[in-house]
Amino acid sequence: MTYIENPPTHLDQLKAKARDTVKNLPKATHEYLASLFPIANWLPRYNLHWFLGDLIAGITVGLVAIPQGISYAAKLGNLPAQFGLYTAFLGALMYSFVATSKDVTIGATAVLTLVVGQSLATYAAAGSTPTELVIFSATLAFWTGVLELFIGLFRIGLLVDFVPVPVVAGFTSGAGIQIVIQQLPGLFGVKNVNTNNAPYQVLVQFFTQAIKGISIPDTIFGIVSLTSIFVIKIVAKLGSSKVPWLKYIGYLGHAIVLLIATGVSYSFRNNQSVSFSIVKDIPYGLSGILQANYSLPYAKDVFRALPSVVLVAIMEHIAVVKTYGRLNGYAPDANQEIVALGLINIAGSFIGAIPATGSFSRSAIKSASGVRSPAASFITGIIVIISLFTITNALYFIPNATLAAIIINAISDLVNFRVVKPAFKIEILDFFGFWIAMWVTFVSSIEIALYTSVIYSVLVLLLKIARPEVKVLSRAPDGTWLDSDTAKYYIGKTSITGAPNGVLVFKIDESLSYPNSGYFLSVLKKNVYENFSYTGRVISNSDRVWCDDSQERARKRELRKGKPLIPLRAVVFDMSAVNRVDFTGLQAFLDAKSDLSRFTGHSVPFYFAYVRPPQINTLLHVNRGDQSNYEGTPGVGLTETASIRMNPFKRTKDPVFDGGATLNDLRYFHVSVDDAVCAALEETEPLKFTRVYAMSPVEDYEIDVSG
């Protein structure tokens, strides 16, 4: 195989990328700006058939967004109910212009609003009025949007990929359980329970106060509402196979129950003997809007809550977007979706909106309703605006217990144990991540659980990088090189043979970098010391380094096995899984070569297979100096076995080390493990020597070893 005469250095690659960037800058700039407004791509193709699907989905989701927006703001965020509606209409309207997903609905969600509510309780000034809480929430929305916009515009949304799906599922499941527990006091009309405490504390307070008495009217409203929602959904699901339109009745279960409960509540308006908790005033239209406080001195407390809100918003939104993109066969742009979140939250801060993100429950309804394009979000926004100008007087009488029932039903999909069994079978660390995230959520706040989930995920990722699979390979009859674990399941495992005598074939399943270089070096040395004989210079006890017991360990191994071990001739590295070798990784190779040379008494050549061209320049330095005459070094001459054949080579200066590469250097690089092993056998001679071990002060013995 022929390569270019000089493998590219990292500096060469950077220069090439810089040239390509400058060359393609006008085109890339145009594409980047166009990507910020995806509506320009799909709107010219819009048609009547799409409109009919969007109309049905938009109206359906709008009727669901109204009760959910009111419920989340009032019961989870501890904010006036109208701000949940403001969030719903603005998020839906704006998202239609900047969305890359047709299925997702933006607005207040249970988990994010709960995080906001806990942030208000923790960071807002003690004794704040409802107006002050709204201003704090709106300011939080503004800075959340600014940070989201920065992340999206600079295309660094990949940060959310550091948290695996099972850990996200554990976090959302724990949050769902926490939300259910927090709604129990409202469902039964139990007073004097601090729902901002950890869930187990809320449970203790709830049962303690419930013993003293519950509100019978609230309990009736709550239980009947919750039961009715579940019954409507079950009947609609069972009957939709015969009567298709029944599925829409199931989607509108929240709106139907809210309408009936509000009517019943209204009928008791003059009955002083029946007392229960209701929402009360919701201002007409947009008369209740408030603006954020944009001054930096005010923002210092907001910044303390910002990380958790941004993380939850982005994680929840990207999870929804990817889920429905995968289910419906299209690929949303994660970075553009984060840009959309940023724009919506910044704009929302001017009307007092709650921080918004993508909703799982409303997106599920939208997807199932036959949505065809992001235009459905615009229709949803119009429906919510109409409600603000038409039914605010009726919303006064909504029972709080019914809102609690709506929330409990809405978050039922968040509690997801379906990933537990697959995670246990596939990756045990993901299994533990699920339970850690869920239980920390149960015993603490959402914020602490979020940070715990992220820290656990990053630690697991670092562990996998720092402790990669490093394997000794054996050869199957079909030419496949297998590690010992894989060989157990190989059909023809009886025919699997090790590498030829004196050659160690090693595979690294990760890029070699500073976190794992020390581990790689220790595993390599351990395998050599365990499987090959010590052929280095015999050193007396008086001259030996105090920590060097290699001679004694080698003697004990050979006595234990009952036969002498063979000497090491060469090491072959399968680099097929290695994308990068950094400076510390190169140093690990050099240290390994030095240690093995002392162990064997000669320079051990390192051969490489499947090296990516950018790494050749780095690895060239490993074998330099092999022409030095160590005692007992076998003669090594230039042969024609090198798998990489170069065009006429011209000496060049290396950017890291002085001196250029030579064809003699490049003979250590091969395009397959077989080629590398053959080269190692041809270019190294079997070693013949006599070694004397110092067994005791008066007893020696000799072993004659031939390769």
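The backbone N, Cα and C atoms fix where each Cβ goes, and this holds for glycine too.
What TrEMBL records for this protein:
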- 501-620: domain 'STAS' (DOMAIN)
- 48-67: transmembrane segment (TRANSMEM)
- 79-98: transmembrane segment (TRANSMEM)
- 104-126: transmembrane segment (TRANSMEM)
- 133-156: transmembrane segment (TRANSMEM)
- 219-236: transmembrane segment (TRANSMEM)
- 248-268: transmembrane segment (TRANSMEM)
- 305-325: transmembrane segment (TRANSMEM)
- 337-358: transmembrane segment (TRANSMEM)
- 378-411: transmembrane segment (TRANSMEM)
- 423-442: transmembrane segment (TRANSMEM)
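Most Cβ pairs under 8 A with the transmembrane segment (337-358) among the ranges 48-67, 104-126, 219-236, 248-268 are made by 104-126. Contact between the transmembrane segment (104-126) and the transmembrane segment (305-325) is present: at least three CB pairs lie under 8 Å, with pairs separated by 6 or more positions in sequence. If you look at the transmembrane segment (305-325), the same-chain residues 6 or more away from its ends with a CB under 8 A from one of its CBs are 100-101, 103-104, 106, 109, 111-112, 115-116, 119, 122-123, 140, 143-144, 147-148, 151, 157, 160, 163, 168, 171-172, 331-332, 334, 337-338, 341, 345, 355-360, 363, 367, 446-447, 450-451, 454. Look at the domain 'STAS' (501-620): DSSP puts its residues at 52 helix, 17 strand, 51 coil. Taking every listed stretch (79-98, 219-236, 423-442) in turn, the largest tally of C-beta pairs under 8 A with the transmembrane segment (248-268) is reached by 219-236.
Counting Cβ pairs under 8 Å that are 6 or more residues apart, the transmembrane segment (133-156) and the transmembrane segment (79-98) reach 3 or more and are in contact.
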